[in-house]
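Database features, via TrEMBL:
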type: DOMAIN; residues: A:53-252; note: domain 'ABC transmembrane type-1'
type: DOMAIN; residues: A:328-536; note: domain 'ABC transmembrane type-1'
type: TRANSMEM; residues: A:59-79; note: transmembrane segment
type: TRANSMEM; residues: A:91-111; note: transmembrane segment
type: TRANSMEM; residues: A:123-142; note: transmembrane segment
type: TRANSMEM; residues: A:174-195; note: transmembrane segment
type: TRANSMEM; residues: A:236-257; note: transmembrane segment
type: TRANSMEM; residues: A:287-308; note: transmembrane segment
type: TRANSMEM; residues: A:328-354; note: transmembrane segment
type: TRANSMEM; residues: A:366-388; note: transmembrane segment
type: TRANSMEM; residues: A:400-424; note: transmembrane segment
type: TRANSMEM; residues: A:460-478; note: transmembrane segment
type: TRANSMEM; residues: A:513-535; note: transmembrane segment
Amino acid sequence: MLRPASAAGLGLVTLWLSLVVLIPLAAVVVTGAQGGWTAFVDAVTSPVALSALTLSAGLSLAVAVVNGVVGTTVAWVLVRDPFRGSRLLDHVIDVPFALPTIVTGVVMIALYGPASPVGVDLVGTRVGLFVTLLFVTLPFTVRTVQPVLEALDRDAEQAAASLGASGPTVFRRVVLPVILPAIASGASLAFARALGEYGSLVLISSNIPKQTQVASALIYGKLEDATNPVTSTQQAASLAIVLLAVSVLVLVAVELLQRKGRAAMAEPTVTAPAGERRTGRRVVRTLVVAYVGVLVVLPLGVLVWRTFKPGLDAFVTAVTDPLAVHAFRMTAEVALISVALTTVLGTVAAFLITRSGLPGMRVLDTLLGLPVSVSPIVVGLALILVYGSTGWFGPTLESLGIQVILSVPGMVLATMFVSMPLVTRAVAPVLVARGTDQEQAAESLGASAPVRFWRITLPGIRTALVTGVVLALARSIGEYGAVLVVSGNIQGQTETATLRVDTLYQTLLQPDAAYAVTFVLVAVAILTIVATSLLRRSQGGTR
Amino acid sequence: MSIQVRGLTKRFGSFVALDDVDVTVRSGTLTALLGPSGGGKTTLLRVVAGLEQADAGTVVIDDKDATRVPARRRDVGFVFQHYAPFGHLSVARNVAFGLEIRKRPKAETAARVDELLRLVHLEAFADRLPSELSGGQRQRMALARALAVEPKVLLLDEPFGALDATVRKELRQWLRRLHDEVHVTTVFVTHDQAEALEVADEIVVVNGGRVEQVGTPDEVYDRPVNEFVMRFLGPTTSLAGALVRPHDVEVLAAAAPGAVEAEVGSLRRVGFEARLVAHVPGSGDVDVLGSRSDPALRDLRPGDRVWLRAVGPVVEAAPSAPSVDASDDVAPGDPVGVAASSGAPVRGGVPA
Ligand SMILES: Nc1ncnc2c1ncn2[C@@H]1O[C@H](COP(=O)(O)OP(=O)(O)OP(=O)(O)O)[C@@H](O)[C@H]1O
Ligand SMILES: [Mg+2]
């Protein structure tokens, strides 16, 4: 019935996906391959590159394994052992997602930096990198396992127990097989994220080649290298290809795992939580709370302390400094433009995927998820290769008077890239769950298509849409790596709030001011968590 | 406001959901679409409402060809199986929806909504959200919402399907009374024959994408055109190779023309009924249903010799062939004669 509308929507979404994601990523591949096979192999097997790649891969693997175990335990405690404060714990888990990466870097430095209040200085060590990556990836496994555990049919466990299986046996033979795909997909996502991580590591790593230099930092270094730009860009692209290939592999693995997981999932049954054997539970619960406390809450606490140590006046001066105010304004501008576009296009994409019945929608859905596991530095590189002054489209655009790189359009593109799936992924499940009955009822009552959309569909998806928008906004405000690359970080011009934190800390050596701006960004992140939590609750209420 | 459906065919891929269906619904009647699950009832209803496009055939509503008219211009009230309430709107706003779309004056809309809520006994619930209603209340809200725009015809898809047995019985009586008050041409889907027999003026029996028979409840019950309709509308037993209703089997103490000799197997009393199982040598058991006070049944003992004779509708059983074949060259409404193979008398239209 909506054929012309579907066609227009499909055209729009394809254009969006192509301009922001697909063409830039293609440019990376083409550029990396331009020097031929030997150049590619040389670029990725030079001692420095090999060391950076193996360091990133090794750290990511370790983080994924720890995350798989710890994340599953945290999810278990949240679902099966609710206690006073477990709701708070649930929200704290979201903090690493909501914090901008550079902010995480500063937060970690506050606790584990040279001025560490606990006397632990991890700067320039691999342990520092590992702890930071644990922080950044904490939510992944928790958030994939949690819903599966919630939906798990508790009758099956009770049946197994009645057949004589002990607690651990029930877990191993009844529960684990069902949640294993979710654990694996959470760990895979954590792996992908850790592999491409840049912003949160840049401060603590000190970027020592062959020791603490991670892959994305090496790529960034190649991009900044002005001595032989053509070769170094090509080498950067070669390294990016390796990271991209892993991202795609992970994406496919997660897609397959989730499909498998969905098939194994039963309808949820409402069973009262069993109250037996409290002592074992209490130990696990305490461990989980302690882990999350030390990993997430402690550094945040130290950050607050560190921010206000120089006094409130210093804080106010730092955040009202003209350059800081300009940076905040820049962040707002870029975030608002990109979120507006992402909201409209993401909603259209959600409708296409769930309602159009067109072929290839599953591929579209998967492609939309790609940006989540691409390194921000690779995103920046990809955009430069297309829109930069020597890129594919750059010269043409510049002759038309449009400057993309080193200016707002490029920053908007980078921000849209990293926040691409957030609106779609929030809206699509609600569209599926609602079905089309209400729209059909409205149609039979005489409502035209636009009226049906405004009066029936939109109110129905409003909460999900707002949730998606809030998430996209948080992501857009917080983007650092990709924006760093495309903006050139020109003080007073293209400098955003996250970039300002970097400048203050690394270039201007004003840690107090850096902490002040960081604090503002942390506050915004925590507001996001509160907002989405309230939204989720209100959605639960009207359903 | 009659509905005429001619030559309707609807395919889903290669699956034929409706196969050349003809149905006429007379103005002002309450018609039941009755049939087994997957028979095509919902599909037929949705095509009439314009929510589904047929591959072939025409739909005429109120003597105007509606085949190409979009759903929102058909003036058809549709009540969905799960009611499709607008979850974000109050009961009153749900009912007002169609009127608001038509931009009726506010006062008129409010008055009409009040009137309808009274009609469906929901006046006390006007400001609630649909999620705060019981299933039956939600059902009545959906009905009021569909009636608000004064549709030419009202279509209901299993209006009582999601309700428990007691509420179901109550509501179907209520639907009948409502129809007698409002007089709008109404078609409802059900797979419960008791429901169809109890409330409908006309029954359309649908099976496997085809119409098996159209008629009044008495006609389809007493003069089923084939074995499928016979079996679908009530219990049957087989007597001398023919299908007959258990309460249409006469028990005789002596041989008579057309009667078959049998031996009493068991006799049980259930409430006011007497249930006899008799064994016919060489053919099998026959169920007989009678009244407890029936002198012919009262004194029977297992092993006694009796003669059984069909006194109601009889349809030749086709044990191996599917029921659809039996009606292949019978069009709905055609007069048909059916005979039991034993030569038992064929008597139609005699309610026992
Ligand atoms: N959208 C669809 N796609 C494919 N097949 C469909 C679709 N809708 C219905 N069918 C098929 O068409 C046939 C008729 O379906 P319909 O819903 O009309 O049956 P019904 O008589 O209403 O059954 P029930 O009593 O179970 O509701 C079924 O076999 C069904 O599987
Ligand atoms: Mg149906």
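Placed from the backbone N, Cα and C atoms, the Cβ positions cover glycine too.
Keep in mind that TrEMBL annotations are predicted by a computer and have not been checked by a curator.
Contact between the transmembrane segment (A:236-257) and the transmembrane segment (A:513-535) is not supported, since fewer than 3 Cβ pairs fall under 8 Å when only residues 6 or more apart in sequence are counted.
The recorded stretches the transmembrane segment (A:400-424) and the transmembrane segment (A:328-354) share 3+ CB pairs below 8 A when only pairs 6 or more apart in sequence are counted, and are therefore in contact. Listed by sequence, the residues of this chain that lie at least six past the ends of the transmembrane segment (A:91-111) yet keep a Cβ under 8 A from its Cβ atoms are 74, 78, 117-118, 120, 122-123, 128, 131-132, 135-139, 142-143, 197-204, 292, 296-300, 302-303, 306, 376, 474, 477-481, 498-499, 501-502, 505, 514-515, 518, 521-522, 525-526, 528-530, 532-533. Scored on C-beta pairs under 8 angstroms, the neighbour of the transmembrane segment (A:328-354) with the top count among A:123-142, A:174-195, A:287-308, A:366-388, A:460-478 is A:460-478.
Cβ atoms under 8 Å from those of the transmembrane segment (A:123-142) belong to residues 55, 59-60, 62-64, 66-68, 70-72, 74-75, 78, 93-94, 96-97, 101, 104-105, 108-109, 112-114, 183, 186-187, 189-190, 193-194, 197, 200-201, 203-206, 208, 211-212, 214, 292, 295-296, 299 of the same chain, restricted to positions at least 6 beyond its ends. Residues 17, 21-25, 27-28, 31, 101, 189, 192-193, 195-199, 215-217, 219-220, 223, 233, 236-237, 240, 243-244, 247-248, 250-252, 255, 349, 394, 397, 404-405, 409-410, 413-414, 417-421, 424-425, 479-486 of the same chain sit 6 or more residues outside the transmembrane segment (A:366-388) yet have a Cβ under 8 Å from a Cβ within it. Long-range Cβ contacts of the transmembrane segment (A:287-308) within its own chain (Cβ-Cβ under 8 Å, at least 6 residues beyond either end) map to 70, 73-74, 77, 85, 89, 92-93, 95-96, 106-108, 110-112, 115, 117, 131, 134-135, 138, 315, 515-516, 518-519, 522.
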